[in-house]
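Taking it in order: structure first as structure tokens, then the write-up.
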Amino acid sequence: MKKCVCRPPSYMIVFSSSRGRMMEVRRICCIGAGYVGGPTCSVIAQMCPEVTVTVVDVNEDRIRAWNSDSLPIFELGLQEVVDSCRGVNLFFSTDIDEAIKNADLVFISVNTPTKTFGIGKGRAADLKYIEACARRIADVSSGCKIVVEKSTVPVRAAESIRRIFNANTKSSLSFQVLSNPEFLAEGTAITDLKNPDRVLIGGDETPEGQHAIQALRSIYEHWVPKNKIITTNTWSSELSKLAANAFLAQRISSINSISALCEVTGADVEEVAHAIGTDQRIGSRFLKASVGFGGSCFQKDVLNLVYLCEALNLPEVARYWQQVIEINDYQRKRFSSRIINCLFNTVTDKKIALLGFAFKKNTGDTRESSSIYISRYLLEEGACLHIYDPKVKAEQIMQDLTKPTPSERHDTATVSRLVTIVTDPYKACENAHAIVICTEWDMFTELDYERIHKAMLKPAFIFDGRRILDSLHDQLQHIGFQVETIGKRVNQRTPFTTSGDRSEMDQPQPLKKNKL
């Protein structure tokens, strides 16, 4: 196979084995072809044309998709990156053992979901896939290899991997274990990978560990400025990833807590966020009030941090970070209760158009999406949901709504009866009582709302859970919509309650627990 080699020999990537020999890193294997492994290694292949990169996975359908024109994940710019080097120095395969054998460096980029049973259920990370990878690498490897944690893992996970290697190491085999957490954001993953704020590499402070760090550092130095590559010990690297996501999630929960106060007092959370964001000590990033954060990392990593603090006998610290999750849950319930309250205190058998199911725009990822939780709350009340998302497949939506949680299971037959997946947003809104915007897709600001209003039942409601329709409020009200949004009073509502206390409309009402 022809290789694309565009750099002189001075760029050769080397590391030192335990025997003192210098070894070229010319072949990389990545175990896991998901949201992290696929884009990350595609960019590495494009930026390091002299290095052969092979991404492997046990899922044959996923690998088949990576080798097709219809990639298994949607990311802006990803298709162009893959097309530029696939078949040249980037390969996707199910032959895991062969890729590991040939590799000088192995990324572990598999899922680390939150445990759904046993000790630590609902909080601790499940490391069974990490352990399985470590055992497989030890079983089929020979020579000297660098093994890199790319998955988000709890602190000291590298020590577990190292113990497995030490217990299974053959005389012809030596390993170095590094931590290299990803900091990319879905929706902007390719931009983040090509222009990162920083690259973090953690490893042993031994000479061999430092050589391994330098080898991985040399890969990134092909396109990342040296001053943006941070090296630490392994434990600092692992904890930095958890702490970074916890801090970002904390900011979102903080502004969401203020949004509840704004709705009661008449303030506008967007104005408040702008006012405090201009303070250079605070900054404006991640101060966007919404229906809550989602994605594969934030909730999982905060819960992981909570569990770690409890295990290390730091209960006060654990309670502090647990509150970040509780505010996020509160925001979702509060928004769902507001929908029910405005629709005359019942949504049973009412058609509701739910626009957006991905956890954020420009991605098809639904993991921990607020849309899932809001859908479940409304389904428990008997609502008939018509769901539209431009990038999420129908099978994924149904899988998410029927997937068991640590606390309850959901009846597939009931979900199938109450949920309809549509491919046209106008069809979703036809004869609907309300529209609920859960993902900030740009296209939702460009819909013909006059046409939509004519096709809906009256009064017609719009619940903007992402604050993307702010500039259209006057127009929407002129058309005839009742507009409700996060962190701001748009309409003077008259809620359907028996009490004259207006504050009740802004409090989350107990949701009936009709098992799904």
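Cβ from N, Cα, C; glycine included.
Here is what TrEMBL records for this protein:
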BINDING   32-37, D57, R62, 110-114, 151-152, E186, 297-300, R367  NAD(+) binding site
BINDING   182-186, 241-245, R281, 288-294, 359-360, R466  substrate binding site
ACT_SITE  C297  active site, nucleophile
DOMAIN    353-471  domain 'UDP-glucose/GDP-mannose dehydrogenase C-terminal'
REGION    492-516  region 'Disordered'
Completion exercise
DSSP puts the residues of the domain 'UDP-glucose/GDP-mannose dehydrogenase C-terminal' (353-471) at 45 helix, 19 strand, 55 coil
Problem - CB within-chain contacts under 8 A for E186 (NAD(+) binding site), separation at least 6 - result: Y35, E75, G295, S296, F359, K360, N362, T363, D365
Handout entry: Cα-proximity to C297 (active site, nucleophile), 10 Å cut-off, over binding-site residues G32, D57, L242
Key = L242
Completion exercise
Comparing local Cβ density (other Cβ atoms within 10 Å) for the recorded positions L242, C297 points to C297
Practice task
Please name which of the binding-site residues listed here, E182, A185, L242, N245, G292, is nearest in space to G32 (NAD(+) binding site), Cα against Cα.
Solution key: E182
Practice task
Check each residue in the chain of G292 (substrate binding site) that is at least six apart in sequence and keep those whose C-beta is under 8 Å from its C-beta; list them in sequence order.
Solution key: I252, N256, N328, D329, Q331, R332, S370, Y373
Completion exercise
Confidence over the domain 'UDP-glucose/GDP-mannose dehydrogenase C-terminal' (353-471), expressed as mean pLDDT on the 0 to 100 scale, is 94
Fill in the blank from the handout: As a whole number of Å, the Cα atom of Q299 (NAD(+) binding site) is distant from the Cα atom of A289 (substrate binding site) by 17
Fill in the blank from the handout: Nearest to E182 (substrate binding site) by C-alpha distance, among the binding-site residues D57, N111, T114, is N111
Fill in the blank from the handout: Sequence-ordered list of residues in the chain of D57 (NAD(+) binding site) that lie 6 or more positions away and have a Cβ within less than 8 Å of its Cβ, or none, is I31, G32, A33, G34, G37, I63, F92, T94, I96
Exercise for the section: Sort the binding-site residues A185, L242, A289 by C-alpha distance from T114 (NAD(+) binding site) and give me just the closest. Expected result: L242
Handout entry: Listed in sequence order, residues with CB under 8 A of N111 (NAD(+) binding site) and six or more positions away
Key = G32, G34, Y129, S151
Practice task
Tally every other Cβ atom lying within 10 Å of the Cβ atom of A185 (substrate binding site).
Solution key: 15
